[in-house]
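**Student:** Positions annotated as domain 'Calcineurin-like phosphoesterase' by TrEMBL: 54-266. Annotation comment: TrEMBL describes 60, 93, 96, 265 as Fe cation 1 binding site. Here TrEMBL flags 93, 131, 228, 263 as Fe cation 2 binding site.
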């Protein structure tokens, strides 16, 4: 464990050689199914004189370029270059309709490698799994073999990314959703690959415990949780009740600043009046649902765009700037969050 910890803490996600990076991810992935272990941790060190941490967020994208996926990717490349992004976050549903068939599935190239080709997007992609990913060979997306095929690919069930001024807590939200396990209609239509998750109750209980513990111990100026499923949304799927009951109280008690998700094929920004948590949906990477929106409190709902697009974030110790873009690169919505800077004693 000591060697593994040292390897992970020394990660430089932008400059690592593919060989060292692949070995490190192989070690991390070998423990992904044991939540009893501490959540795997990556570090992204800011360059000297770097004024902000910049990244893009996209979700629900993997359709071999169809449903405007290629157009969204093109605009991501332009914005990524303008912001000189550090990495990309994927909020899941990486490969439609049923994940990957295995590590040699050509969809990995058709939906990822050969789509996000812009120079600015050749950065690490920190990725969580969506429900569609669990309908295929879920172990394939977690395999270090994909990392060897494309060095950008980092996909684990749950993990932490420490970027100095902010810590990201990536959470596998799929096992929390009851209907995937019990709904007859769901089970008749789809087959889910729950290897590494069962027994479900033990898995989710341990995951919640580890996420809570990591948030409690975090000293980061900003705390952001990333998952696939919605917690608060005016979109098609509605709020995920299980996450409202089990994960949301942990976010509130640990003063999490934002929860970023996909699942709903839209772009959305909700601010919870009670907690102040920013709920940011970036699920417009390809197919979108035109006109599929439910009523929501106008004080809380700052943006709902039922079309394709993505999100950018620029962060400093004191400010966060969020921008949502549509499929043409047009700015749809901007938002700024600020915190007082306190130097270390």
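Counting starts with 1 at the first residue shown.
A Cβ is built for glycine as well, from the same backbone N, Cα and C atoms used for every other residue.
Note: TrEMBL annotation is automatic and uncurated.
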**Student:** Give the distance between the Cα atoms of residue 96 (Fe cation 1 binding site) and residue 263 (Fe cation 2 binding site), rounded to the nearest whole Å.
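**Tutor:** One finds 12 Å between the Cα atoms of these residues.
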**Student:** Around the Fe cation 2 site recorded as 93, 131, 228, 263, what other same-chain residues have a C-beta within 8 angstroms of the site's C-beta center?
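**Tutor:** In sequence order, the nearby non-listed residues are 59, 60, 91, 92, 129, 130, 132, 133, 173, 174, 229, 262, 283.
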**Student:** If you count CB neighbours within 10 Å, which one among the binding-site residues 228, 263 has the smallest count?
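**Tutor:** Across 228, 263, these binding-site residues, the one with fewest Cβ atoms within 10 Å is 263.
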**Student:** Round to a whole number and give the Cα-to-Cα distance in Å for the pair residue 263 (Fe cation 2 binding site) and residue 60 (Fe cation 1 binding site).
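**Tutor:** A Cα-Cα distance of 7 Å.
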**Student:** Do you know offhand how many angstrom separate residue 60 (Fe cation 1 binding site) and residue 131 (Fe cation 2 binding site) by C-alpha?
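**Tutor:** So the Cα of residue 131 (Fe cation 2 binding site) lies 10 Å away from that of residue 60 (Fe cation 1 binding site).
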**Student:** I'd like the number of other C-beta atoms within 10 A of the C-beta of residue 265 (Fe cation 1 binding site), please.
**Tutor:** 26
**Student:** What other residues of this chain sit with their CB within 8 A of the center of the CB atoms of 60, 93, 96, 265, the recorded Fe cation 1 site?
**Tutor:** 59, 61, 62, 63, 130, 132, 262, 263, 283, 285, 286, 287
**Student:** State the Cα to Cα distance, in Å, between residue 228 (Fe cation 2 binding site) and residue 265 (Fe cation 1 binding site), rounded to an integer.
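**Tutor:** That comes out at 11 Å between the alpha carbons.
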**Student:** Non-local Cβ contacts of residue 131 (Fe cation 2 binding site) (under 8 Å, 6 or more apart, same chain)?
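**Tutor:** Those within reach of residue 131 (Fe cation 2 binding site), by Cβ under 8 Å and sequence separation of 6 or more, are 92, 93, 174, 177, 180, 228, 229, 263.
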**Student:** Average the per-residue pLDDT over the domain 'Calcineurin-like phosphoesterase' (54-266) and send me the rounded value.
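**Tutor:** Overall, the domain 'Calcineurin-like phosphoesterase' (54-266) comes to a mean pLDDT of 98.
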